[in-house]
């Protein structure tokens with residue numbers, strides 16, 4: 001089936017519904033699998049510092065394949081690329097279920113995720129246009145965060161019951177995403193007929209990086225989203241160690257409940273951003289970014305569950321308001337310069353490089369014995385300072 005690009009720009013067209021459902025199921029699997037695999041590592045007595053290593057092999061796949069996945073997304077119908085990528089995720093989750101080394105299985109899921117991301121965001125610009133793109137991003141983020149909310153909780157709760165059941169549920173979610181991808185209209189490839197010479201692809205990707213970096217707006221977006229997602233992933237792992245130390249709770253479910261509060265907040269923040277921020281007023285999101293770091297610092301000092309829930313929800317609201325406009329800005333400007341697929345691939349490189357760096361520093365801090373509360377305080381302080389510096393730089397340029 002095919003249809004011309006931009007024929008139906010409704011936020012609830014058939015194609016958009018299929019994208020949102022597929023994204024929900026795929027993201028549900030991603031987040032449930034993380035906590036199910038963390039429970040598996042705990043059950044098999046892996047050291048605590050190995051937990052962030054699990055995410056590092058995942059983002060390492062993003063970085064390794066960054067020069068190629070953008071071109072893949074732009075050279076084929078994006079819905080079919082998403083289906084293939086979810087198939088890889090399904091294979092990775094199934095391999096962990098059948099006893100293959102969890103780091104190897106999770107790496108395969110990372111490869112699928114790397115291929116999936118440019119297609120899932122790039123297709124938004126093909127299904128809707130102009131002012132509706134921010135709203136479409138809001139829908140995508142809301143779907144993603146709802147999946148984070150339910151997937152994280154499901155992964156932790158099912159893992160407390162039986163780790164294998166949790167892992168099987170992840171594989172089932174990926175299978176559902178593959179089916180949903182079938183219903184995405186087969187849109188024309190954005191940039192067909194490109195060279196598949198790996199050297200040329202790498203050179204083309206580096207040219208896309210250079211082009212986006214030289215543009216002040218896209219550079220601003222790249223740095224902002226990279227800082228946010230690097231910090232967000234690190235916070236998830238910090239919670240796993242913070243909960244038993246600060247709250248005295250040792251189950252698998254409580255960290256997932258706390259992560260779910262962040263997810264709920266991001267849904268609210270994403271909705272607010274869609275209503276209050278346009279591509280011309282993106283700088284309105286910057287104070288929210290600074291406050292994220294401040295609230296993380298305050299959160300790290302808590303010892304009661306209810307204040308922890310409230311502060312994490314606030315972090316989520318601020319995060320959703322901060323990141324959605326930056327995503328939309330990059331997609332709109334990137335689509336016109338290097339193609340949406342390449343723009344998102346460059347964004348993934350930045351975000352996952354930031355994740356790798358922050359997780360590496362966090363893992364090292366845990367390995368050398370720094371207590372988790374001082375880690376959280378330092379983490380929040382540095383994030384607030386980094387976003388402040390970015391805002392000052394953006395206003396000057």
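From the backbone N, Cα and C atoms, a Cβ is placed for every residue, glycine too.
From a predicted model like this one, the values you see are computed outputs, not experimental measurements.
If you check Swiss-Prot, you'll see residue 136 and residue 342 are listed on the same side of the membrane. Between the transmembrane segment (145-165) and the stretches 18-38, 91-111, 227-247, 305-325, Cβ pairs under 8 Å are most numerous for 18-38. The stretch from 18-38, 227-247, 257-277, 281-301, 367-387 with the most CB pairs below 8 A to the transmembrane segment (91-111) is 18-38. For the topological domain 'Periplasmic' (74-90), same-chain residues at least 6 beyond its ends with a Cβ under 8 Å from one of its own Cβ atoms are 15, 18-19, 22, 26, 29-30, 108-109, 111-116, 118-120, 122-123, 126, 171, 174-175, 177-178, 181-182, 184-194, 339-342. For the transmembrane segment (227-247), the list of distant contacts is 34, 38, 48, 51-52, 55, 59, 254-255, 258-259, 262, 289, 292-293, 296, 300, 302-305, 308, 315, 319, 322-323, 326, 351, 354-355, 357-359, 362, 366, 371-373, 375-376, 379, 383, 386-387, 390: same-chain residues at least six beyond its ends, Cβ to Cβ under 8 Å. By number of Cβ pairs under 8 Å, the transmembrane segment (281-301) is matched best by 367-387 from the list 18-38, 167-187, 344-364, 367-387.
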